[in-house]
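A.B. asks: Following this message is one structure expressed as structure tokens.
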Amino acid sequence: MKIAILSRDGTLYSCKRLREAAMRRGHLVEILDPLSCYMNINPAASSIHYKGRRLPHFDAVIPRIGSAITFYGTAALRQFELLGSYPLNESVAITRARDKLRSLQLLARQGIDLPITGIAHSPDDTSDLIKMVGGAPLVVKLVEGTQGIGVVLAETRQAAESVIDAFRGLNAHILVQEYIAEAKGCDIRCLVVGNEVVAAIERCAKAGDFRSNLHRGGVASIATITPRERDIAIKAAQTLGLDVAGVDILRAARGPLVMEVNASPGLEGIEKTTGVDIAGRMIQWIERHATPEFCLKIGG
């Protein structure tokens, strides 16, 4: 097959691993910067061009689209879909997952357990928002934040009010969430491919922090997950329409809670920790599902 990887930086670990895994299985691979793609939207002859040339047909496309370029990145991916390329994750699913409010609403509707969460736009009634999620301590986040950026633990009501008031000055969308103390600064990242959790790690925050993101200095170790955690991770990914997802779970006293579903999970931390060839599993999924029948369906 001919496979395109949509990424702004082909030197990143995940891109290199996906390219290596695909080539090892005999596929042709090209890495394309989605922001350098431009599209001819034409009922007679739509096409995608890249750096002065019209791109050939690709059997499959692997989107590695950062949150900062979600709008144009998913537009480019959608054009590939309309031209009959199989997407490892569909553009509509990525857009759905990147919208934190929408994704939480969909997960809640499906009965998936979540931390108690409130979302507001520059709320005037700060005290009621805090009360709504059970009071302090609580976590305050910018809805648009990623990798632990724009996330604050407010341990008292006064601190929570101060943080929310500060965020209000940014004219931003604010997410307020109960703090799960028993998780002790750790979460479980489940890597879902299709209907299977292919690997799982526990990520724990560095001393003095509560954010477990590896980009923020968190430490990873192999996790043994329960059947319930496995099922909730798969259900969360499927609810958002994702074939590949990183599902972050908090271990609360009342059971596993889904904190976030990542549509473009990094592979470095979880592959190096577990030794699982996740990139290879993703390519195998493409091989099983990038059929002519599917491509004709999505292209239409």
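Glycine residues also receive a Cβ, built from the backbone N, Cα and C atoms like all the rest.
Annotation comment: Swiss-Prot describes 104-287 as domain 'ATP-grasp', evidence class sequence analysis. Swiss-Prot lists Lys141, Glu178, Tyr179, Asp187, Arg211, Ser212, Asn213 with the feature ATP binding site. Annotation comment: Swiss-Prot describes Asp248, Glu260 as Mn(2+) 1 binding site. Look at Swiss-Prot and you will find Asp248, Glu260 tagged as Mg(2+) 1 binding site. Taken from Swiss-Prot, the feature Mg(2+) 2 binding site applies to Glu260, Asn262. Under the heading Mn(2+) 2 binding site, Swiss-Prot lists Glu260, Asn262.
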A.B. asks: Cα-Cα, whole number of Å: Glu260 (Mn(2+) 1 binding site) versus Tyr179 (ATP binding site)?
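C.D. replies: Distance (Cα to Cα, whole Å): 14 Å.
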A.B. asks: I want to check the contact list for Asn262 (Mg(2+) 2 binding site): same chain, sequence separation of six or more, C-beta distance under 8 angstroms. What comes out?
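C.D. replies: Listed in sequence order, they are Ala97, Ala245, Gly246, Val247, Asp248.
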A.B. asks: For the domain 'ATP-grasp' (104-287), what is the mean per-residue pLDDT, to the nearest integer?
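C.D. replies: It averages 89.
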A.B. asks: Around Glu260 (Mn(2+) 1 binding site), how many other C-beta atoms are within 10 angstroms of its C-beta?
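C.D. replies: There are 21 such Cβ atoms around Glu260 (Mn(2+) 1 binding site).
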A.B. asks: Name, in the order they occur in the sequence, the residues of the same chain whose CB lies under 8 A from the CB of Glu178 (ATP binding site) and which sit 6 or more residues away.
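C.D. replies: Set apart from Glu178 (ATP binding site) by at least 6 residues yet with Cβ under 8 Å, we have Pro115, Ile116, Thr117, Val133, Gly134, Leu138, Val139.
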A.B. asks: Taking 10 A as the limit, how many CB atoms besides its own sit near the CB of Asp187 (ATP binding site)?
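C.D. replies: By my count, 24.
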A.B. asks: Translate the DSSP assignment of Tyr179 (ATP binding site) into the three-state scheme.
C.D. replies: coil
